[in-house]
Amino acid sequence: MNHTQSPFSSSDDDAATMTTAQQVVNFSTSSAGSGNSTSMGPTLGGSRHWRDVFWLGIFLLHLILVGLALGVLGLNRFRKKDRLNIDQYTNRFLENQAGLTEDYWPLYAIAGAISTVIGWIWLLLLGSRSNQMMKVSVHLLTTYLAVLSVCCFWGKLFFWGVAFAIGSGLQFLYIMSVIDRLPFTMLVLQRAVKMVWKLPEVMRVACVFMLVMLVWLALWSFGAAGVVASSIGDSGRWWLLVVFSVSLFWTGAVLCNTVHVIVSGMVFLVLIHGGREAASMPRNPLLQSLRYAVTTSFGSICYGSLFTAAIRTLRWEIRGFRSKIGNNECLLCCVDFLFHLVETLVRFFNKYAYVQIAVYGKSFNHSARDAWELFQSTGVEALIGYDCSGAVLLMGTLLGGLITGTCAVILTRIKHPDREIMMGSTAILMGMVLVGLAMVVVESAVTSIYICYAEDPLLIHRWDPEFFNQMSETLHQRLEHRSSRVRVGSSQN
């Protein structure tokens, strides 16, 4: 694997990289009919070493401590106020009328059931209505955020009204900035759905992990209900909920990325061996992938789950904004600085690392760096930057979370109108986690397709020749677009 230049390399280096990438594209296109495929040599069936053990220990310790805290806070208000006499340590913070855990715990249960149903509906309709569902997610999210903003202003919740209005505006601007990329994005998502729909076992994995998440959410919501019911002041309760929400986000990300690793390993093997029923396919590949994901590679998953989601979202926003700046040199200079900074972070924290983890058993940073250098050395990074499939799936996840939060607010408003914002905001996170476990199945297939295309394009050609031709054509167009930008920059300099 060739090491590439850093994101801060000069235009001459970029031109050389694109020339090399163009040669790779031409080679893969010309040899597509030869039928010879490079042997990747995945180590899914071999022995592996434990990776990122430190982060595995941190995550497990965090689960134990947070689980104890949730149990204590929920039990303290369960059927009896201040059952464990905790209020004696928080007397100076007592500002509200205390409630009971069971006043709010059933509302969290309903929110969890709603988000689970949304996730299962997504999985059930994945094969027949996936394209329509993705289009609805893209266009409905902007409208839904605007409606929520109006409702918040009408209910005199000005902070949340402004927040949802800003969110709706940013969503609209992002869609406008990438609207020309959506046809290719939908094409990639359709092919990813085609892949996972032929692997029913990966759908069952997603359902099983949703059930595992529901078990943890039962404890999490028990403790969160105890916090909402407590007599601590609003600031104290909000701080506790923020801490528990960060914990839930990390736990949910770990479970999502565990599914990501399992599905990626399965999809990668299917592409390499030419089909699910191929004679060369390893025995019980799903069980092997599951075993590695929850043992030797689990520390790498815990480590990557802390950072990848935030960095990836920031990169999408900056890319969309950067493409629409125009000739404002001052603003372009500032955005380019942020862009190169984020690109440097992406080099060490990206979702494609999970495919390398699944197949080769590397540590997270090693996997992320190898995947990104592979993309840059072959030019496929230009195709990935053009694809918005991750953002589209995130929109569906956000929409599912917002629907769950809206239902929780409506139910809470009936009996406890002073706690509706706390219940609604935490229910949104619950919904996003559960719906995200359904969405990650498709995202795993997308990342595996790109890794396979970068390592050996013939794998994609053997699986779907028409899709291979469309990917190669789009990659050629993106490389030409980059080359023209480099020439313009060189002439200006």
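Residue 1 is the first one shown; counting continues down the chain.
The backbone N, Cα and C atoms fix where each Cβ goes, and this holds for glycine too.
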Look up transmembrane segment in TrEMBL and report which of 172-191, 292-311, 332-351 it refers to.
292-311
Spatial neighbours of the transmembrane segment (238-271) not adjacent in sequence (6+ beyond its ends, CB under 8 Å) are 40, 42, 44, 59, 62-63, 66, 69-70, 73, 195-196, 199, 201-202, 205-206, 209, 212-213, 216-217, 220, 223-224, 227-228, 232, 281-282, 285-286, 288-290, 292-294, 297-298, 301-302, 304-306, 308-309, 351, 354-355, 357-359, 422, 425-426, 429-430, 432-433, 436-437, 440-441, 443-445, 447-449, 451-452, 459-460, 463
Could you tell me whether the transmembrane segment (205-232) and the transmembrane segment (423-442) are in contact, taking contact to mean 3+ Cβ pairs under 8 Å with a sequence separation of 6 or more?
yes
Among 53-75, 138-166, 205-232, 292-311, the stretch with the most Cβ pairs under 8 Å to the transmembrane segment (105-126) is 205-232
